[in-house]
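K.L.:
Let me begin by handing over the structure; questions about it come next.
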């Protein structure tokens with residue numbers, strides 16, 4: 001399986017997925033910490049990939065996503081963005097609304 005295939009599978013298999021530095025319990029950068037805090041505030045479970053333990057994904061995901069930085073939040077197969085977008089969406093209520101909409105979609 002190529003790295004692009006692995007990334008695609010991770011995104012398909014997880015409704016809410018964040019590619020981050022570190023883990024939700026121990027983020028390794030301030031941006032990842034803020035992004036995880038925003039997601040946690042929304043109250044739904046999410047999956048994560050620690051790019052520090054996956055150097056192949058760390059090097060290839062920016063090409064796959066056409067997004068150069070981390071963290072990267074993916075919801076329902078769509079790239080939402082990085083830390084600043086996540087925080088902006090949290091502040092204006094869009095993040096929770098999107099997460100609830102996607103969760104409802106898969107509860108049938």
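Cβ atoms here come from the backbone N, Cα and C positions, even for glycine.
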K.L.:
9, 21, 104, 105: which one does Swiss-Prot list with 58, 70, 83, 84 for the glutathione site?
P.N.:
21
K.L.:
Given the binding-site residues 58, 83, 84, find the one whose Cα is closest in space to the Cα of residue 29 ([2Fe-2S] cluster binding site).
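P.N.:
So, of the listed binding-site residues, the one sitting closest to residue 29 ([2Fe-2S] cluster binding site) is 83.
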K.L.:
Around the C-beta of residue 83 (glutathione binding site), how many further C-beta atoms are within 10 angstroms, looking at every protein chain?
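P.N.:
Excluding its own Cβ, residue 83 (glutathione binding site) sees 22 Cβ atoms within 10 Å.
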K.L.:
I'd like the number of other C-beta atoms within 10 A of the C-beta of residue 70 (glutathione binding site), please.
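P.N.:
Around the Cβ of residue 70 (glutathione binding site), 21 other Cβ atoms lie within 10 Å.
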